[in-house]
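Chemist: My questions all concern the structure below.
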Amino acid sequence: MRSHRSVKVSLVGAGNIGGTLAYMLGVAGICQELVFVDVMDGVPRGKLLDIGHALAISGVDITAVGGSDYAAIEGSDAIVVTAGLPRKEGMSREDLLMANAAVIKGVAENIRKYSPDAFVIVVTNPLDAMVWYMHQCSGLPVNKVVGMAGVLDSARFSFFLAKHMSVSVSSVSSVVLGGHGDLMLPLLKYSTVGGVSVSDLISCGRLSSEDVHAIIERTRKGGEEIVKLLKSGSAYYAPAASCMNMLESYLFDKRCVIPCSVGLDGKYGVNGGLFVGVPAVIGKNGVEEVIEYVLSQEEREIFEKSVGLISNSVKIISEQK
């Protein structure tokens, strides 16, 4: 898709997700100006040079700036934050909490200084707590700060379900709620294969409860599985693609319903401005609507446990900041 207006997108963090997303943005041509910032000044510059060479093969022009100076993000339409320590094998997201909170604070202060009108997507883990802290430190409106998680979790669930049933993943639609972690909650009555809910597929014997439970567990451990296989590093293709999905919905006012971490104040019974993964309409104004599903008692209990973990992480940050 090619943009019909001047669009500036900035990426903060030049690791694998940031680098992959920069390449995807260049190929898609959805922004006229791309900024890539990292504390390691040469890394974003080197990656952008490599990306420019790759795009030249296809005859695609790109205007991009890389470096360590945050002043370059001034006037950005959208900013994607991937900066932070990566998760290593055996490391929980909670292990990263305070270290990455310090990173987010620094990034947020620069966003507030240079691009207070931007739409900000946070990818840094522990995701839901980091999005909350970004909102707190940046002072941006709650509708302009979101976390990328639910769309990735939903994609993983759809992928594993499609593989198990030997159908195209394009025939699968999934809804995953809750925090980005071990208590993420796929909603079986709203997740479908060929228009038939997973709940109904279980009822008619096409799927067993045991099979679905195994798929859910593999979804929850999807990131960890990749970390173990890679030995060094974590997932980056799917997270980058998830960010693209969110960026396109915002920049082109697509108003797609996308599961992502958003600030809640009453929806799903969550108060206090916590950021939790729920389906939301993303359009030109950022988060334009939160879609609220009716949950069963069991789903409600799992969701509340997930919210409790997020609340605990937020409390730890609040007490130490």
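Including glycine, each Cβ sits where the backbone N, Cα and C put it.
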Chemist: Taking Asp38, Asp41 as the options, which does Swiss-Prot list with Gly13, Ala14, Gly15, Asn16, Ile17, Gly18, Asn100, Val123, Thr124, Asn125 at the NAD(+) site?
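Modeler: Candidate in the recorded NAD(+) site: Asp38.
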Chemist: Within its own chain, what residues at least 6 apart in sequence put their Cβ under 8 Å from the Cβ of Gly13 (NAD(+) binding site), listed in sequence order?
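Modeler: Within the chain, Gly13 (NAD(+) binding site) has Cβ neighbours under 8 Å at Val37, Asp38, Val81, Thr82, Ala83, Gly84, Val123, Thr124.
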Chemist: Which of the three DSSP-derived classes (helix, strand, coil) applies to Gly13 (NAD(+) binding site)?
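Modeler: Looking at the DSSP assignment, Gly13 (NAD(+) binding site) belongs to neither helix nor strand, so coil.
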Chemist: In whole Å, how far does the CA atom of Arg156 (substrate binding site) lie from that of His180 (active site, proton acceptor)?
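Modeler: Roughly 12 Å, rounded to the nearest whole number.
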Chemist: Can you see whether DSSP assigns Asn125 (NAD(+) binding site) to helix, strand or coil?
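Modeler: Where Asn125 (NAD(+) binding site) sits, the three-state DSSP reduction gives coil.
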Chemist: Would you count the other C-beta atoms found within 10 angstroms of the C-beta of Gly15 (NAD(+) binding site) for me?
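Modeler: Gly15 (NAD(+) binding site): 20 neighbouring Cβ atoms within 10 Å.
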Chemist: Given the recorded positions Arg156, His180, and counting only Cβ atoms in the protein chains shown, which has the most within 10 Å of its Cβ?
Modeler: His180
Chemist: Calculate the distance in Å between the alpha carbons (Cα) of His180 (active site, proton acceptor) and Gly15 (NAD(+) binding site), and round it to a whole number.
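Modeler: Here the two Cα atoms are 20 Å apart.
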